[in-house]
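According to TrEMBL, the protein carries these features:
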type: COMPBIAS; residues: 146-156; note: compositional bias 'Polar residues'
type: COMPBIAS; residues: 188-216; note: compositional bias 'Low complexity'
type: COMPBIAS; residues: 388-398; note: compositional bias 'Basic and acidic residues'
type: COMPBIAS; residues: 426-441; note: compositional bias 'Basic and acidic residues'
type: DOMAIN; residues: 29-146; note: domain 'DOMON'
type: REGION; residues: 146-165; note: region 'Disordered'
type: REGION; residues: 179-216; note: region 'Disordered'
type: REGION; residues: 388-441; note: region 'Disordered'
type: SIGNAL; residues: 1-20; note: signal peptide
type: TRANSMEM; residues: 227-248; note: transmembrane segment
type: TRANSMEM; residues: 255-273; note: transmembrane segment
type: TRANSMEM; residues: 293-312; note: transmembrane segment
type: TRANSMEM; residues: 324-347; note: transmembrane segment
type: TRANSMEM; residues: 359-379; note: transmembrane segment
Amino acid sequence: MKVSSRIAAAVALASSFAYADYVTNCLTDNVCISIGVPEVTASSGSGNLYFQMTAPTSYSWFGIGTGSRMAGSSMFIIYTDGSGNVTVSPRAGTGHSQPSHDSSLSVEVLAGSGVDGDTMTANFVVSNLDTDVASTSTWIGAYKSGSSLDDSSPEASISEHGSETSWGFDLSQATITDDSNPYVDANGDTTTDTGSGSNDSSGGSDSSSGNTGVVDSGGSTNSKTIMYIHALVASVAFVILMPFASVLMPLLGKWYIHAGLQLLSFVLMWIGFGLGVKVANDTGIIFKQTHTILGTVVICAMIFQPVFGWLHHLHYVKHQGRGAISYVHIWYGRVLMALGVINGGLGLKLANAGSGYKIAYAAVAGIMFVVYAIGKIAANMRKSRSYKKAEMHEEPSQRSRRPYNNSDEAEWRRYESGQGAPQPYEGHRYEGARYDSNRYA
């Protein structure tokens, strides 16, 4: 009897060890993920992996994925099905957009899954997940607080996550003896383990208390924050500053104000571009989406705009009027501004931005378009009135010698300011015209 009891105790102890070796990471106190690797899988490098995911029912959904970014990630998202159970949805990540259902991933929901009070638990096994079980692999996690999804379809639409994080799992430390569900005991009751590690979504440190399979990889990824800053900075540059600086030129005639504001927008544009590249690299969408491709083209094309502006200024100083390079500068800039605004809208679509963001962006862009159009019309009307007023003060001999193309705008501005009638025109410039290069170019 003593021998039998000792054997039974040894078997029970060994069984408990087999079940205790899976690794667990808690993103918050009650949002946890565990993975167990059967010995047969560990030895062959492929096979079944056992997962347990738990989260409050006050969350709309909770998801994890392989890799360091959404693009190319194999994801598993859980949510309530509305009948006391949970839905496990395998999905394929495509970047900053809703992951799509991936039927190629073989998932089986196991015993112990369901809703218990205010907690939803999903125990499931995946038989064909491509991940490294012999060393440390990077994982991402995200969740969305809100009303329960209550949908039994694995293709249910989910809203954008509110929090996200990343960490490392050393699955070589997650070996379990049996190729069976490690999250229920002999009586079929669910077991959970939240003591192996803890990372909060704001970048909290690892608080491991036993299992060394959790590797702190820096806590929360900053991609979402960087994406917001990118959107804000780029929008200020293209939607507000560039058109505002452009319309001030004909209204004020101060080239240095125009140049200063455009220089500021140019700097912000490059800051926004750098942040955008960072986000695109983190999510694996660089040069794979229209937004990233068009944005890169516009930014690179903008390199030439300051050069055209300087050449236009030099031409105006020398000839006191616009030339071919002037119109290249003007229309080249207008086209790039328009493309930049359009690309901003594509960025909002790519990021699955809420309707509030889209409406706000469209409203600001629309207001700036109206301001730009009114400013240009007002400048042209004022110029036309100046020509007519000057013509009324001209002698017939002067009128016959005045240029028909009205190219010498600086001279007419001199007249408008009360400095006398325009001087007689000789060749390509007025005789005795006083030109102030700081006033208009």
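Positions of Cβ are set from backbone N, Cα and C atoms, glycine also.
Proximity of distant same-chain residues to the transmembrane segment (324-347), defined by a Cβ-Cβ separation under 8 Å and at least 6 residues beyond the stretch ends, is recorded for 231, 234-235, 237-239, 242-243, 246, 290-291, 294-295, 298, 301-302, 304-305, 308-309, 311-312, 315-316, 358, 361-362, 365. Nonlocal intrachain contacts for the transmembrane segment (359-379), taken as residues 6+ away from its ends with a CB within less than 8 angstroms of a stretch CB, comprise 235, 239-240, 243-244, 246-248, 250-251, 341, 344-345, 348. For the compositional bias 'Polar residues' (146-156), the DSSP-based tally of helix, strand and coil residues reads 0 helix, 0 strand, 11 coil. Within the model, the domain 'DOMON' (29-146) carries an average pLDDT of 91.
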